[in-house]
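**Q** Take this structure first; my questions come after.
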Amino acid sequence: MKFPGSVLVSLILFVAETAAALCLSGAYRAAGDRMWQWLTLLFALLPCALVQLSLVFIHRDVSRDRPLVLLLHLLQLGPLVRCVEVFYIYFRAGRVEEPYVSITKKRQMPKDGYSEEIEKEVGQAEGKLCTHRSAFSRASVIQAFLGSAPQLTLQLYICVLQQEITAARSIFMVLSLLSIVYGALRCNILAIKIKYDDYDVSVKPAAYLCIFMWRSFEIATRVTVLVLFSSVLQIWILPVVLVNFFGFFFYPWILFWQSKSPFPENIEKALSRVGTTIVLCLLTFLYAGINMFCWSAVQVKLNDPDLINKSQNWYRLTVYYMLRFIENAFLLLMWYIYKTDIYLYVCAPLLVLQLLIGYCMAVLFMLVFYQFCHPCKKLFSSSISEGLLSCFKFLCFICKPPKSSILMDKAEVKSLENTDEARSSSKTLDSQKGNPHQSVSSNA
């Protein structure tokens, strides 16, 4: 039985970030900055409430007679209770013989083209720990992209406006960045385990390192670009954020309406149609929040029973990173054009170059992960290099004009050349007819 380290890391980040947010909001109140105080509290308490809701929903506490647990969730102490329960189950496991066990069948990764199926006994304690790990992973994703990401953007924006980085604010920003990167890492691992649920997946340390570096560069550069742009064009940042957010929010719904599939009813038996709609809206809300800052490894598909698109789509990945790079470059260009006096002592061209290189480094680590470190790379129908090559060929084919138009252009050019030659020859004949002495002298 594995040590529940992911649960402990999630709890530490959750408690540390919440405590730092409360301390920093108190500092803003003492300084008289009411607006920064309330925004800091909002971005701290809203994800806390959503984390409690997700933990209650996954463990189905509403349908069970557990009033004390529900009360502690209302007091925003749900993660602490869950962590204590996890370690109680972990240290108690093996001391008491379990009444029954379930048998799961998993397939090993293919070796030399063959894949063996192995059976594994899973006891009640291990099943409960697996449920807790899954719940904390989803809670970490919610905390990261609905709380830590807006919080990091806000605090960096305050630092730029006030031209000062205090110790408390810097510690808080580091905690928020770690929380976002960890949430993105858990999102990647969740996507792998959901897509390849039939296989026994083991993630190596090199894969964790690649994901950590990939997400760190991607999220840090994205947040910095948004803050720089909003510091000089405060009004125009609103349409940029709204177009990004609502574009990703409605994208799964548009695909669902185009597929003409029936409304999903198998999410939770106790939920009504209205409750199912609310859950799906919250899911797409989280999906849009993730894609605002980085590529979501989990692609929402509402007409699938698991609500996840399990196919590996290199085209969508390529288009996302190309458009995001163009958007970041455009926002940096606007910042460079309209930068104010607060950036008087900043080398703007060097900063732009560093941010663009940072985003390219994120793409590089992503390519290394999918090409060499992905735990299920043997199951890919095509590698990331082959997929990108086909994507670029497809884009070049779209940008290239059709052959028929090229042939028509060549034919038109040839016809124009022929007409020009005919006109020039006719002119020489007319000149010879009009001046016969010149032609005789030339013949002589």
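Just so it is clear, glycine is given a Cβ too, placed from its N, Cα and C backbone atoms.
Per TrEMBL, the feature compositional bias 'Polar residues' maps to 425-444. The region 'Disordered' annotation in TrEMBL covers 418-444. Annotated signal peptide per TrEMBL: 1-20, in sequence order. The transmembrane segment feature in TrEMBL is assigned to 35-58, 167-185, 235-256, 277-298, 318-338, 350-372.
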**Q** Under 8 angstroms, Cβ to Cβ: which one of 167-185, 235-256, 318-338, 350-372 has the largest number of such pairs with the transmembrane segment (277-298)?
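**A** That would be 235-256.
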**Q** Using a Cβ-Cβ cut-off of under 8 Å, list the residues of the same chain that are 6+ residues beyond the ends of the transmembrane segment (167-185) and lie near it.
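**A** Sequence-distant neighbours of the transmembrane segment (167-185): 9-10, 13-14, 16-17, 20-21, 23-24, 27, 140-145, 147-149, 151-152, 155-156, 158-159, 208, 211-212, 215-216, 219-220, 290, 293-294.
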**Q** What residues in the same chain, six or more past the boundaries of the transmembrane segment (235-256), come closer than 8 Å to it by Cβ-Cβ distance?
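**A** Residues packing against the transmembrane segment (235-256) from afar: 226, 229, 284-285, 287-289, 291-292, 300-303, 331, 334.
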